[in-house]
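**Student:** Okay, here's the structure, questions in a sec.
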């Protein structure tokens, strides 16, 4: 043991006989005992008197103790143990301090990823299904459109339900509902066409409540300074869901047959739902695990209130910004649905791409939209944090989301090569995604407490634009050309720009509009 006393006993030169010797047990005690605190400060030899015999003790100083190899080893071990404990504590702290509001955002992102995966798989599976059941093109079109029957039905109803009951229950219901409908699609197809149409409509019912429920949840969880990037991330889940569905569906069909697409995609909803029910809450006020400092940040910067009891329909519909949202959503979705629905046909008929090349280039815009949506979200939140007014940021982002696609669509008629045409289409969709930080964020800005209802209202108009626009495009192509199709879209983009710039609420109107919150 370090600091061991070194004992030496001797008789000084004297004629007096030495007194009684020190007992053996005492010597052992002195040899193995730890020096007293007062002795370890001594650096010179001391002596003790034991029964007339001097006992000289050499005690190493504190400095010498620290130089002992065994002492150094003990120190190193203790430091390593402490460092290891510190690392464990740091890891634990990292998980504990991760913002709970962003856990909610990521879960909403994954729900929208599943949403579009389950939606686009039919566009691939319909090819072997139509060959197996001998469906003609009219029947295929009927099956594809049956999804929108249910989707239209639950837009406003989903918003009302989310604002009155809570977004957690509504979004959870939607994911379970559309996942079950997806998994039952092969069984319905074998039973007959009417059963398949009902299954697709049921799937639309489930997906119809997703956007209003998500909007309700984020209006309560996400502060205004993080609103654009959170919505951009969630909506990019839809774009990446389309990419994932288009990428994996052909592989699953080739390996296991077309029913495997619906069984595998539908089963993923149960995994998501188990995590959602254990981690999510409709409001930060309902979360018992939320850290006090984060709860204070959220409640101070967004509308974290109890679900609404009654809905002031007359007051909501009397606001010009509400109608501006509805009209802008219609103009936006007309161009978006046409591009995403008719893009493969345009690539095949005009650019002379084969089916494989058309499919490859159809995936590209979804990737670009996912990237540009998040870039636009970060730009918008940065501008808000720098002091720029929320309404001005929304108008800037939505102007890019309207004028960008309009500009690139006008360039398609001047494209002299397939590469330039694909570049124009991709840039058109990339700038379109900036609308996530404009139009799609404005519902929470003007009426956070009724954001689910507002999104249900405007998205109903958006879905109608998709239905009518897709049908009108076919009619225009029979009597005109692709240039005419793009001219209609450009005209609606310009109308949407004027409406959003004129009627999106000014800064002084925000508090006024929030009065019915």
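Note that Cβ sites are derived from N, Cα and C of the backbone, with glycine treated the same way.
Any TrEMBL annotation is an automated prediction that lacks curation.
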**Student:** Labelled transmembrane segment by TrEMBL, one stretch among 396-413, 414-431, 432-449. Can you tell me which?
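**Tutor:** Of 396-413, 414-431, 432-449, TrEMBL gives transmembrane segment for 396-413.
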**Student:** Restricting to the domain 'Major facilitator superfamily (MFS) profile' (104-508), report the mean pLDDT as a whole number.
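**Tutor:** Summarising the domain 'Major facilitator superfamily (MFS) profile' (104-508) by its mean pLDDT gives 87.
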**Student:** What residues in the same chain, six or more past the boundaries of the transmembrane segment (452-473), come closer than 8 Å to it by Cβ-Cβ distance?
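**Tutor:** Same-chain contacts beyond the ends: 145, 148, 151-152, 155-163, 167, 211-213, 215-216, 219, 311, 316, 322, 325-338, 341-342, 439-440, 443, 446, 485, 488.
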**Student:** Test of understanding: applying the rule of at least three C-beta pairs under 8 Å (pairs 6 or more apart in sequence), is the transmembrane segment (195-218) touching the transmembrane segment (146-163)?
**Tutor:** yes
**Student:** Below 8 Å between Cβ atoms, which of the listed ranges 195-218, 230-252, 322-343, 396-413, 485-504 makes the most pairs with the transmembrane segment (102-126)?
**Tutor:** 230-252
**Student:** If contact means at least 3 Cβ pairs within less than 8 Å, sequence distance 6 or more, would you call the transmembrane segment (230-252) and the transmembrane segment (485-504) in contact?
**Tutor:** no
